[in-house]
């Protein structure tokens, strides 16, 4: 009789210990597959043409990067979503940033000029100025040339 009670107690303890508790259940239950994909960050800016890079940063090719403006208010909601997101292109900078627009590297807190993010603008030589270059591209080329000149000395 005591052996039967001991066996039932062990089985009961085993059943309780393998339960899925509220605080550690994956979405869809114990047998759900883990989420492997990282979603794209929320859209922001005028006519939703940008992506959130942080709670106060919105960047897009057509608009550049907006920081702390009313257009970035929507990005604050990104902190309340449970799934992680990733905005931008390739990794850049020393603080875990990603290329936001041509020549700019942004993380969740700030943006900085980065020559790794120049993309197609980098392939143009400084003497090859064409008539269809936008003012932004010209400014980025000048910034790149000035930072390159400072690092050589």
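Yeah, the Cβs are placed from backbone N, Cα and C, and that goes for glycine too.
Owing to the predicted nature of the structure, the values given are computational and were not obtained by experimental measurement.
According to Swiss-Prot, the feature signal peptide maps to 1-19. Here Swiss-Prot flags 20-25, 41-85, 44-58, 52-75, 59-65, 92-105, 99-117, 106-111 as disulfide bond, drawing on similarity to another entry. What Swiss-Prot records for 28 is glycine amide, and it gives similarity to another entry as the kind of evidence.
Sequence features, as recorded in Swiss-Prot, placed on the structure.
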{"residue": "41", "record": "disulfide bond", "DSSP class": "coil"}
{"residue": "59", "record": "disulfide bond", "DSSP class": "strand"}
{"residue": "65", "record": "disulfide bond", "DSSP class": "strand"}
{"residue": "92", "record": "disulfide bond", "DSSP class": "strand"}
{"residue": "99", "record": "disulfide bond", "DSSP class": "strand"}
{"residue": "105", "record": "disulfide bond", "DSSP class": "strand"}
{"residue": "111", "record": "disulfide bond", "DSSP class": "strand"}
{"residue": "117", "record": "disulfide bond", "DSSP class": "helix"}
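Cβ-based neighbour count (10 Å, all protein chains) for residue 99 (disulfide bond) stands at 22. Here the Cβ of residue 52 (disulfide bond) has 25 other Cβ atoms within 10 Å, regardless of which shown protein chain they belong to. For the disulfide-bonded residues 41, 44, 52, 58, 65, 75, a Cα-Cα cutoff of 10 angstroms around residue 99 (disulfide bond) retains nothing. Counting every protein chain shown, the number of other Cβ atoms lying within 10 Å of the Cβ of residue 58 (disulfide bond) is 32. Candidate disulfide-bonded residues: 41, 92, 111, 117. Nearest to residue 65 (disulfide bond) by Cα distance: 111. Closest in space to residue 105 (disulfide bond), of the disulfide-bonded residues given as 44, 58, 59, 75, 117, is 117, taking the CA atom of each residue. Spatially close to residue 85 (disulfide bond) yet at least six residues away along the chain are 38, 39, 40, 41, 42, 52, 78, judged by Cβ distances under 8 angstroms.
Ranking the disulfide-bonded residues 65, 117 by how many other Cβ atoms lie within 10 angstroms of each Cβ puts 65 at the bottom. Spatially close to residue 75 (disulfide bond) yet at least six residues away along the chain are 41, 42, 44, 52, 53, 54, 55, 56, 57, 58, judged by Cβ distances under 8 angstroms. In terms of Cα spacing, the disulfide-bonded residues 59, 106, 111, 117 that come within 10 Å of residue 92 (disulfide bond) are 106, 117.
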